[in-house]
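A short worksheet on the structure shown next.
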Amino acid sequence: MLKMLSFKLLLLAVALGFFEGDAKFGERNEGSGARRRRCLNGNPPKRLKRRDRRMMSQLELLSGGEMLCGGFYPRLSCCLRSDSPGLGRLENKIFSVTNNTECGKLLEEIKCALCSPHSQSLFHSPEREVLERDLVLPLLCKDYCKEFFYTCRGHIPGFLQTTADEFCFYYARKDGGLCFPDFPRKQVRGPASNYLDQMEEYDKVEEISRKHKHNCFCIQEVVSGLRQPVGALHSGDGSQRLFILEKEGYVKILTPEGEIFKEPYLDIHKLVQSGIKGGDERGLLSLAFHPNYKKNGKLYVSYTTNQERWAIGPHDHILRVVEYTVSRKNPHQVDLRTARVFLEVAELHRKHLGGQLLFGPDGFLYIILGDGMITLDDMEEMDGLSDFTGSVLRLDVDTDMCNVPYSIPRSNPHFNSTNQPPEVFAHGLHDPGRCAVDRHPTDININLTILCSDSNGKNRSSARILQIIKGKDYESEPSLLEFKPFSNGPLVGGFVYRGCQSERLYGSYVFGDRNGNFLTLQQSPVTKQWQEKPLCLGTSGSCRGYFSGHILGFGEDELGEVYILSSSKSMTQTHNGKLYKIVDPKRPLMPEECRATVQPAQTLTSECSRLCRNGYCTPTGKCCCSPGWEGDFCRTAKCEPACRHGGVCVRPNKCLCKKGYLGPQCEQVDRNIRRVTRAGILDQIIDMTSYLLDLTSYIV
């Protein structure tokens, strides 16, 4: 009896081993793949029996030899017996292409993804945002995705109006994981055309990913519905407001409570000339708040425009830097009447513009300009303005001079030079993406650390990260370190993390590329060398959010936390831009030691802002009078020539004349007035009172 029981147990073990091996038949080197196999409804796939496979073969013969889904998944499948390949689950107008074309054949193949034993992973992935897409497709292998795009773009009008790279950015697997087709195809396969081609390496990568998963950071979606956000920064006034720049010409305020004000902080969309095509850099470029913004309310904006007075001469548009002042009455809005033009540079092309504005710890304004793709022949026709292209300018905006908007710092390398403009601090840049100032540099020998991304635009391998140093020529300067190109997207410069919540990132320079890849650079305190580190962003487990779209820029709030700005489309009119925040899942979203008191935004209270009504205040508080005004705080109007016969100048070149006189300067006698001798002092008092009332009405 005991021997019989042992024999039955042995048979049971052999049977279990057989079924397990049968289940894994056709799934090459998956190791723990059985745990990952799930159908779209969450159930495990079924092992097809012989009669199911026989029925599939008969259906294949009836269809004229066309391969059905049963032929793709002969062992494990989520479609049983005579279930049709589409199963009614992929009802979409793109699948109406049923004629005998190559596109129709690919669509029939894609329908079979629902029968895949990995269908849940193919359709439900944190990389995707299905709700925002017109196409419901599985994650495609890269080569297969491009094959589908080029084959079907002429047969599916309205759905493939984009480039192959952009289409496959959303519908192709980027991390080398599971993708469709996950069965052998009779074709010459490239390195990423078929999931089975990379299965051997995938398990190794996944095992490494599982080991380091606990070190990943998360991304938290903060705001959506933005239009091409290109920057986010704080004003340093203690209000902890985040100012979000939109390429079309708007600046919006995000409150510490996570709300966006309905009225924009700055609206110059009528002045800004923005590009709507991919690669067109025109638009609102940058914003920088004065270090003493809380008292003087000064901010500096760079944007592209095209004014009539520049119509003569070779140019496509103008890059302009303007100073604005916040409204005296509303701290959440800019007074557009306070605009003062600082700088204008004529541009011939719509790329390599730069335009980043920064204030360094030295209090000077830095303007980073690209080379504008200008050639030597172009420079001869640019009337000298091209001397600034490809340079970092350093200006002192804290000047009391009313006739010029800035002065030149005496420490500029070309302060006394006749060969270079004195504004130039460094030169030789090509296409500076984004630059950032480290607010707490660790090197005691360097009091200013500016890190910039730059590229000459010819190929991805030319991308570099530069540390800007006074007087240096960066024409052929190598990058801080040689890093492997992780995609064909251009680099997007970020920020040196000096926040509190993600303390593991402290001191790291966080940046990425347009295609959504992230990296960090860290400087060794001993060797002073920069070291590259990938930035791991988790997409599951302790992380609830995930990143999607193209990286447009990075941002930093008043607490030093770093943000990511993205958009899924390149059109400025679409509201699909998002703002993400990098957070450490190992720590609370707002640790107690990271909290800071929020100070309500206040209106300007300086003496100049209160009393200077007929002019503008410099950043240092001096009241500069507008034409026609003079005196303390510009209260006295000027009339040239001066008013005569006791007239009073009440407005520029406007005299208030005494009774009996008229003309611009009260020089004429009014002969229409009847001259009646007044015999009493009462009549004189009445005349003087009437004159004073008229004068008071003008002054008020």
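The backbone N, Cα and C atoms fix where each Cβ goes, and this holds for glycine too.
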Where Swiss-Prot places region 'Interaction with SHH zinc binding site' among the ranges 220-232, 285-297, 376-388, 506-518: 376-388
Member of C435, C452, C543, C594 annotated by Swiss-Prot as disulfide partner of C500: C594
Composition by DSSP (helix, strand, coil) of residues within the domain 'EGF-like 1' (607-634): 8 helix, 8 strand, 12 coil
Secondary structure content of the domain 'EGF-like 2' (635-667), with strand meaning DSSP E or B: 0 helix, 11 strand, 22 coil
Close disulfide-bonded residues near C216 (disulfide bond), where close means Cα within 10 Å, chosen from C452, C612, C617, C623, C625, C657: none
C625 (disulfide bond), number of other Cβ atoms within 10 Å: 19
DSSP three-state assignment (helix, strand or coil) for C594 (disulfide bond): helix
Spatially closest candidate among C452, C608, C666, the listed disulfide-bonded residues, to C624 (disulfide bond) (Cα to Cα): C608
Cβ packing number for C657 (disulfide bond), 10 Å threshold: 22
Segment-level pLDDT (mean, integer) for the region 'Interaction with SHH zinc binding site' (376-388): 62
List of residues, in chain order, with Cβ under 8 A from that of C612 (disulfide bond) and at least 6 apart: C623, F633, C634
